[in-house]
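Written below as structure tokens is the structure these notes are about.
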Amino acid sequence: MDGGGQYNPRTVEEVFRDFKGRRNGLIKALTTDVEEFYQQCDPEKENLCLYGFPSEQWEVNLPAEEVPPELPEPALGINFARDGMQEKDWLSLVAVHSDAWLLAVSFYFGARFGFDKADRKRLFNMINELPTVFEVVTGTAKKQTKEKSSNHSSSKSKSDSKARASESQAKYQKPMPQKEEDEVLDEEEDEDEHGDTLCGACGMNYGTDEFWICCDICEKWFHGKCVKITPARAEHIKQYKCPSCSGKRARP
């Protein structure tokens with residue numbers, strides 16, 4: 001199922017790389033690929049699991065047949081709860097179980113290949129530097145960042161526009177050829193304020209040298225490359241909806 005028998009990371013760095021790949025795959029399923037993920041989790045089918053792979057891909061499939069399995073298994077039967085709760089609550093529940101599975105897989109490798117106390121602590125600290133799948137899916141990490149900044153408003157403020165665009169209505173940031181002293185100070189303040197902003201798709205941090213776009217519905221920020229939006233295309237978008245919000249449907 002997972003290819004665990006063919007790929008066995010043996011060092012702390014290799015296990016962490018494996019963790020990041022699986023994590024990114026799960027985040028894709030629950031954010032940018034959420035519509036496809038939703039459709040695959042048909043409650044009429046048998047017990048289904050969500051798998052993330054080191055290649056940053058994801059898959060909804062039946063659990064492994066062998067007992068015990070080669071690797072710890074994800075939560076079983078995620079499809080059964082799909083139509084019994086609000087979609088965002090269901091996605092949050094899947095995200096929580098996905099976080100638990102990621103840790104189980106990583107520390108399975110640690111136990112199997114004899115990580116000592118120092119190795120286990122280093123692995124956990126490396127993992128803990130990343131926001132959880134749940135935090136990315138629910139936007140919790142970004143909300144925590146906002147609460148730490150007393151000057152950051154709950155809606156997209158003028159500071160967002162000034163820091164990330166050269167025009168008042170622009171939705172992306174591009175570097176200015178020359179900066180006055182006041183502009184440099186504004187940029188430094190913005191880095192302090194938004195340095196912990198996370199991409200709603202991949203969960204990585206905000207960077208001033210990267211193109212970002214904000215969803216007008218959920219107000220999450222995304223790398224342009226993660227949602228396949230270029231600066232040129234963004235200029236012609238009056239109201240941007242991220243893949244998750246574009247696929248929202250009315251729930252009973």
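Cβ atoms here come from the backbone N, Cα and C positions, even for glycine.
What TrEMBL records for this protein:
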- 180-190: compositional bias 'Acidic residues' (COMPBIAS)
- 196-248: domain 'PHD-type' (DOMAIN)
- 141-190: region 'Disordered' (REGION)
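Shown for the domain 'PHD-type' (196-248): DSSP residue counts in helix, strand and coil, namely 12 helix, 8 strand, 33 coil. If you average pLDDT over the domain 'PHD-type' (196-248) in this model, you get 80.
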